[in-house]
Each structure stands twice: as C-alpha cells, then as structure tokens.
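Per TrEMBL, the features are:
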{"type": "DOMAIN", "residues": "5-224", "note": "domain 'Orotidine 5'-phosphate decarboxylase'"}
{"type": "BINDING", "residues": "Asp11, Lys33, 60-69, Thr117, Arg179, Gln188, 208-209", "note": "substrate binding site"}
{"type": "ACT_SITE", "residues": "Asp60", "note": "active site, for OMPdecase activity"}
{"type": "ACT_SITE", "residues": "Lys62", "note": "active site, proton donor"}
{"type": "ACT_SITE", "residues": "Lys62", "note": "active site, for OMPdecase activity"}
{"type": "ACT_SITE", "residues": "Asp65", "note": "active site, for OMPdecase activity"}
Amino acid sequence: MCDPRIIVALDFPDQVEALELARRLDRSLCRIKVGKELFTRAGPQLIEKLMRLDFEIFLDLKFHDIPNTAASACTAAAALGVWMINVHALGGKKMLLACRESLHQKNTKLIAVTLLTSLQREDLDEVGLFDTPAHIVQRLALLTQQCGLDGVVCSALEAAQLRSSGLIEEFLLVTPGIRLADSGYNDQARVATPRQAVQNGADYLVIGRPITRAAEPLKVLEKISREIYFV
Ligand SMILES: O=C(O)c1cc(=O)[nH]c(=O)n1[C@@H]1O[C@H](COP(=O)(O)O)[C@@H](O)[C@H]1O
C-alpha cells in the first residue's frame, strides 16, 4: 500500500455524516483521523466501518492520565486495530514509558502531542509555561523520542528546527494546523500551508475543516496532494 501523507480529520457529530464524507474521499490519497467527538458518539463500530472501507485510522483520543490508566487506554485503543494513537507528552516520562510498554509487539504507532497548535506564547504564560512554543516543543519531542515512541504531533512551524536538532530520521512529525492560503485560521494559532509543512520536514499533515467543510472535499484533497507531491 502507498503511504499517503494527508490525514483527514473527520470531526463530525455523527457517523452518518462521517461515513458519507469518507466515501467521497480517495483512500489512496489520505488516511482518516477519528477524534473525541465522533468516537464518543459512534464508538468502536465506526472504526470497524471505516477500516472496512480500507482506510487506515489515526484514533486521536490524546490520553493524558496517570501512567497505569493511560497505558491501559492505549492497550484498548490499539486492540481496535488502528494505525496510530496518541497521548499528551505533558503526561510526563513515566506515563510515556508505560504507554510505550503497553503496545509492546503491537503494530499501532504511538505518538505524543507536544503543544496543541491552538496555543501561542500568551496561552503558555497563563498556565505557567514561561518559554517559547519552539523551546517547549523541542524539549517534549526529545523526551518523547527518549521514551521510544514513534513520533510527535507539533505545528509545522517547529518541524524544521526539530529535524535539525538530532531527532532520528524515522521519528515521525505529524502536523495539524494546516491552512490553505485562502482559508481562515478558525481556532488554530500556529499554522502553515501544506507546502510549507512538507518543506519543513513534516511526515504527515492532519487536515480537517479546509477539506471536510469544502464544497468539494475530494477536489481539495487532490489539489493538496498534487501540491505536496514534488516538494
Ligand atoms: O492531535 C491532533 O490531531 C491535534 C493536535 C494539535 O495540536 N492540534 C490539532 O488541531 N489537532 C487535531 O487536528 C485537527 C485539525 O483540524 P482543523 O483545524 O479543522 O484542520 C483537529 O481534529 C484537532 O483535534
């Protein structure tokens, strides 16, 4: 199977809309991300249905809890047969190690969210993180790599610096906060275009509203795929 770099975020309130959109996409051009809203409403059955449509699934539940609880949740998520799952790196080293260990001998990839792409410097100050997003992301990415996870979620703005900072080449950089030149930011803060993201070294681009809310989602997906193909 080819390795499409676009992950379409199916952020919908119910499975009817989600499946309808999925059927309009081309599985050779994208994977699919199911997040908290849709999974809470539609559950594991929806994951099965999407896998029957031959999509690889990133189950984005961003676990963040004490090590035992987070690790058990990872085991349960991976048992669904999904391609990728995630946790928050701010859960700390012990949690990251426990989660990694819980997926021992499983094929599911485990990545950690560094800093949400909706956050900027002022938001970090408010929660007592007095440093730049770039520094914090770097620290959390190195910690995540030391704990043996497969990669991190970061914004594409940090990807270039991470790539030149000694991360191993196979370490995955997954970047949401992707916006087309003519689309608004919505609630995102640290954004980049698809082309910039790939130029900066992102492996996978998570894209929601610019595709899912477009009048013709498949056309936008095809256009972005062409744009990043030769970067
Ligand atoms: O883990 C994620 O996927 C994620 C991390 C992050 O830092 N920022 C972020 O936007 N996401 C997810 O990526 C998707 C972005 O959607 P759009 O803003 O509509 O493109 C949403 O489903 C978010 O939950």
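Along the chain as shown, residues are numbered 1 onward.
Yeah, the Cβs are placed from backbone N, Cα and C, and that goes for glycine too.
Curation plays no part in TrEMBL annotations; they are all automatic predictions.
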Inset, instruction - Of Asp60, Leu61, His64, Asp65, Thr117, the recorded positions listed, which put a C-beta under 6 Å from ligand 1? Please answer none if none do. - result: Asp60, Thr117
Legend entry - Alpha-carbon spacing, Lys62 (active site, proton donor) to Gly208 (substrate binding site), which is rounded to whole Å: 17
Legend entry - Cβ-based isolation winner (fewest other Cβ atoms within 10 Å) among the recorded positions Lys62, His64: Lys62
Inset, instruction - Look up Asp65 (active site, for OMPdecase activity) in the DSSP assignment and report helix, strand or coil. - result: coil
Legend entry - Asp60 (active site, for OMPdecase activity) and Thr117 (substrate binding site), Cα-Cα, nearest whole angstrom: 14
Inset, instruction - Please state whether DSSP places Thr117 (substrate binding site) in a helix, a strand or coil. - result: coil
Legend entry - Spatial separation of Asp65 (active site, for OMPdecase activity) from Gly208 (substrate binding site) - C-alpha basis, Å: 26
Inset, instruction - Show which residues of the chain containing Pro67 (substrate binding site), separated from it by at least 6 in sequence, have their CB under 8 Å from its CB. - result: Gly91, Lys94, Met95, Leu97, Ala98, Cys99
